[in-house]
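What follows is one structure encoded as structure tokens, with my remarks underneath.
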Amino acid sequence: MPLLKLVILILFLGRVKSMCWLQGTVQPPELTKGGDYILGGIFTFHTGYKVSRPMCFYGFIYVEFQFALTMIFAIEEINKNPAILPNHTLGYKIYNSCGMANIIKSAIDLVSGPREIIDERNCTNADTAQALLGHSGSAPTVGFARIIGRFQIPVLSHFATCACLSNRKEFPSFFRTIPSDLHQSRALAKLVKFFGWTWVGVISNKNEYGIYGITAFIEAAQEEGVCIEYHQTFEQTGPLHELLNVVETVKNSTSKVIVAFMSHREINVLASELYKQNITELQWVGSDAWITDPSLPDSEGHSILVGSLGFVVSNAKIPGLEEHLRRLHPSQFPNSQFVRDFWEYMFHCSLNDTANTQKKACSGLESLKNVQSHFTDVSDLRFINNVYKSVYAVAHALHNLVTCEENKGPFYNGTCADTKHIQPWQVLYYLQNINFTSQGERVTFDQNGDIHAKYELINLQNMTLGTMHVATVGVFDATLPLEHQLLMDTTKIIWRGGSQMMPVSVCSESCPPGKRKLLQKRKPVCCYDCVPCAEGEISNTTDSTECLKCPVDYWPNTQGDRCLLKETEFLSFAEIMGIILTLFSLMGAILTTMIALVFFHFQETPIVRANNSELSFLLLFSLTLCFLCSLTFIGRPSEWSCMLRHTAFGITFVLCISCVLGKTMVVLMAFKATLPGSNVMKWFGPVQQRLSVLAFTLIQILICILWLAINPPFPYKNTNHYKEKIILECALGSPVWFWAVLGYIGLLAVLCFILAFLARKLPDNFNEAKFITFSMLIFCAVWITFIPAYVSSPGKFTVAVEIFAILASSYGLLVCIYIPKCYIILLRPKQNTKKHLMSKTKDIQC
């Protein structure tokens, strides 16, 4: 192959010396000037070349020529500056090289001059460059920097951004004044994430710049939660079907944002083909290699690139550079064929020493002072400033080397470098440690030879054929904390096609708060369905991947994005049910009090005296307590109210039933006492009646004391019955004691009912047993139905059922036992006589 014939590189690794053989001819430098220390430059002024020819030809790359002249400008500026390298001058050798083989040969020529054999000994002669500047491309730079690094000669690039060049093992002498693509890739990932573009396509070229750059972007994008729909690669010089495959992929994709990591040549070809196929509604995010390239407006598809965003290094102003460019004249470089070709092209004339007879002869008065072209345009010096900084970096390194004070040097025993025989590794040492300010910017290299990363965010706002308008809409500074690295003014951005509306590029719409992501099977994480959170859970952020369970006292709102304190439910005095029950309770207590007053007023009448007035008043008192104890069940449960409500209810009802039981036993004993020879009343007189009531009541009091002592009732937040609200209730503590209290009341009630039932057929003047029977029927019926109702009623209705049972049974006792007597006392006073009570009368039904 021609490349193998032109350059054969044999590197002896692990030996004392590095050596290589050069085969083939080397094109002489395009621009040269002698000096004490030589700086080499490798640029590509032409757009094309042929392998069969050692030189470049056809087409001009103005910016590359600007790079070379900027290098010369900086060297001349340094030579005039007495503060840098006093008594020493810088010279230069600048090569116009096209193609990988020619670039590598030029680099080797700069190392040792045009010798066939190159080793470490002839890297220090007068022909040797102290440092190499260039190339603009990452791929050529990787090619020759790996070789030059063996000889420890510094290589500085102004445009090679491949992250691979930060590898100090492979490129030990490489430096650059442009940030690594690693930082640009991370900046681009943060950019697409900032705008919510989580579904993007990526396209790159196949060289080191594209491969390393897009790989770093994909890794950073995935860390930011951005998904890649497709990744396509192609080369401008590759087969047409590769380009068409890329276009077909873009056409069939759903993402609306493309991240393009490629050079201006690839983007121009791609944009033209997409424009031909009317694929225009795309938002482009570009790398620094093309986003501000002046060739973009010349592309057929330039209009679809309007609205593109990308990061580039900060712009700068270099005083005097424009005048330096405009002073260019062929007489300055009489041996440069490129300068002659450039001059003839600019002024459409022929110089005397050329064979071109189709153009008019140049008059010699031609000047660039008033010419407006890409070459003289210095409005965008972003990358040109990098060349300027590179020259000054080498100059400061050499300055520090030659001004070293003996015995204070950085080398062995404080020695300094021999300025007449400078070793490449010595320049390398000083270059690694330079620290100066250029155009207001601090220039220093890290351990990998990189400068700190700071970019401007550029927006291509308008393009017509031949012209392009860009605007700076933000900055990215990698030295700042993560949350402050990217700053921008989105109001200044013009989006795709000149639109004012930011495009949306997502695989799935964002999940609002209240929902969570459910990943779709066999698709990237950016493709998901939005599903509501499960019951009792919320998500309070957009695009939540999981829902949070609300605390036990909280419940989600209807939107499912906040936990609200659950509604607390208890039977309140303020609600309608509580008011009604309170009224019935108070009415019962008042009615009982009124009956007591009636009985007290008519206590000497036969009907009151005949019904054991002492037990009657005690029964009325206990019924009043029964009505009032129901009020303890209403209101917010507290520790004291919980202990009071059940114990008060149990004790007052036992007292009540004990009185009824006593009255029933009095009826039976009174009837037995009428029989001849009976002395039963002496065994159940007033004292025995009081003691029986007291004994029955003390048993219930003992049960309640044990209950309160062992496991008393307590206020409890019931969150199990209702999910969306809390039931404030009194937990029983020990259900056994609760049912013991009810069971004891039931036992007395059943005993009372049996005795009353046995006494129901006694003579009519002793019809007290009938009323007691009816009251016990009501009492038992109420409490039998209470049990299932109590168990099945939810929340505050449980309490309401218990209050209803208390009131119903209390009203039953009150109405059945006392209302018939009040009827006789108040409405039938003639029947309230001893004679009438001893006679046969009709039964009074309840």
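Cβ coordinates come from backbone N, Cα and C, glycine included.
Here the structure is a predicted model, which means the values were calculated and not measured.
Per TrEMBL, the feature signal peptide maps to 1-18.
Under the heading transmembrane segment, TrEMBL lists 576-602 (among others). For the transmembrane segment (576-602), the residues of the chain that approach it from at least six positions outside its boundaries are 608, 613, 616-617, 620-621, 623-624, 626-628, 630-631, 634-635, 796, 800, 803-804, 807, 810-811, 814, 818, 821-822, 825-826, 832, judged by C-beta separation under 8 angstroms.
What TrEMBL records for 577-841 is domain 'G-protein coupled receptors family 3 profile'. Taken as a whole, the domain 'G-protein coupled receptors family 3 profile' (577-841) shows an average pLDDT of 80 in this prediction.
Taken from TrEMBL, the feature transmembrane segment covers 614-635 (among others). Outside the transmembrane segment (614-635), and at least 6 residues removed from its termini, the chain residues within Cβ reach (under 8 Å) are 570-573, 578, 581-582, 585-586, 588-589, 592-593, 595-596, 599-600, 608, 641, 644-645, 648-649, 652-653, 655-656, 659-660, 662-663, 666, 686, 689-690, 693, 799, 802-803, 806-807, 809-810, 813-814, 817-818.
For the transmembrane segment (647-671), the list of distant contacts is 611-612, 615-616, 618-619, 622-623, 625-626, 629-630, 632, 680-681, 684, 689, 692-693, 696-697, 699-701, 703-704, 707-708, 741-742, 744-745, 748-749, 751-752, 755-756, 758-759, 762-763, 766, 768-769, 772, 775-776, 779, 806, 809-810, 813, 817: same-chain residues at least six beyond its ends, Cβ to Cβ under 8 Å. The annotation transmembrane segment is assigned in TrEMBL to 647-671 (among others).
Beyond the ends of the transmembrane segment (691-710), by six or more residues, the same chain brings 615, 618, 643, 646-647, 650-651, 654-655, 657-659, 661-662, 665, 733-734, 737-738, 740-741, 744-745, 748 to within a C-beta distance below 8 angstroms of the stretch. The feature transmembrane segment is assigned by TrEMBL to 691-710 (among others).
Among the features that TrEMBL reports, transmembrane segment is placed at 736-759 (among others). For the transmembrane segment (736-759), the list of distant contacts is 646-647, 649-650, 653-654, 657-658, 660-661, 664-665, 667-668, 671, 696, 699-700, 703-704, 706-707, 710-711, 713, 766, 769-770, 772-773, 776-777, 779-780, 783: same-chain residues at least six beyond its ends, Cβ to Cβ under 8 Å.
The annotation transmembrane segment is assigned in TrEMBL to 771-791 (among others).
Annotation source TrEMBL lists transmembrane segment at 803-826 (among others). The list of residues near the transmembrane segment (803-826) in space but at least 6 beyond its ends in sequence, with Cβ under 8 angstroms from a Cβ of it, reads 571, 581, 584-585, 588, 591-592, 595, 598-599, 602, 605, 607-608, 611, 616, 619-620, 623, 626-627, 629-630, 633-634, 649, 653, 656, 660, 663, 771-772, 774-775, 778-779, 782-783, 786, 790, 832, 844, 846.
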